[in-house]
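Novice: Let me give you the structure first, and then I'll get to my questions.
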Amino acid sequence: MDALTLLHNRTSTPALQAPAPTPEQLDVMYRAALRAPDHACLRPWRFIEVAGDDLDALGEVFVAASAAVCDGGLSDEKAAKMRRMPHRAPMIIVAVATLHTHPKVPEIEQVITAGCAAQAVVQAAYAQGLGAMWRTGDLAFNQHVMDALGLASHEKLIGFIYIGTPMAQKGVPAAQWAENVTQWQPKV
């Protein structure tokens, strides 16, 4: 697949099934992440793979995290939903921004770099015939979830990349870029 076809046609794929990416496919995805724009080559990101029985364990983390912030307790229905969430794909790649103190690279640049690295993973998955869905939601910002995943105080969870084999091919929605682009007119 050529680069422009990839960039113009990749869409999020919410319906995913086994198999998960192979080690060879993961290698391609992580090598793509290394090409993210990265001021000072800090590599301010890391990825955590969750698959197999660990998806069950992550579901329990989601239940505990949701229960901790739910006034009046968590209903059985909501707990069951939290347990099912990780099973929307055979693998989740948790994208983490690992922030460094640097005199020339502010935190915002490092978070953007981590986001670019995560997007490169998603695009490399698509280029190999896989599907991916980058999700966040309240759980991505929940301290219990971050602690359970082993994030340090200088790290931020920037997304859960659900990844696997697409159940169906999704059409590419029509898009127009003109409304997002303006020409700067200097005030003289």
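Each Cβ is built from the backbone N, Cα and C atoms, and glycine gets one as well.
Pulled from TrEMBL, these are the listed features:
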- Arg10, Thr11, Ser12, Arg35, His39, Trp134, Arg135, Thr136: FMN binding site (BINDING)
- 9-164: domain 'Nitroreductase' (DOMAIN)
Novice: Pick from Arg10, His39: which of these binding-site residues has the biggest number of other Cβ atoms within 10 Å of its Cβ?
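Specialist: Per the Cβ count within 10 Å, the most buried is Arg10.
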Novice: Does DSSP put Trp134 (FMN binding site) in a helix, in a strand, or in coil?
Specialist: strand
Novice: Mind checking which of Arg35, Arg135 has the fewest other CB atoms within 10 A of its CB? They're the binding-site residues.
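Specialist: Selected from the binding-site residues Arg35, Arg135 on minimum Cβ neighbours within 10 Å: Arg35.
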Novice: Given a separation of at least six residues and a C-beta threshold under 8 Å, show me what packs close to Ser12 (FMN binding site) in the same chain.
Specialist: Ala132, Met133, Trp134, Lys170
Novice: Determine the mean pLDDT over the domain 'Nitroreductase' (9-164), rounding to the nearest whole number.
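Specialist: Across the domain 'Nitroreductase' (9-164), the average pLDDT comes out at 97.
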Novice: Between the two most separated Cα atoms in Arg10, Thr11, Ser12, Arg35, His39, Trp134, Arg135, Thr136, the residues recorded as binding FMN, what distance in Å do you get?
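Specialist: About 28 Å separates the two most distant Cα atoms.
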Novice: Say we define neighbours as other CB atoms within 10 Å of the CB. Which of the binding-site residues Thr11, Thr136 has the fewest?
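Specialist: Per-residue Cβ counts within 10 Å for the binding-site residues Thr11, Thr136 bottom out at Thr136.
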Novice: Over all shown protein chains, what is the count of other CB atoms within 10 A of the CB belonging to Trp134 (FMN binding site)?
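Specialist: So the number of other Cβ atoms within 10 Å of Trp134 (FMN binding site) is 18.
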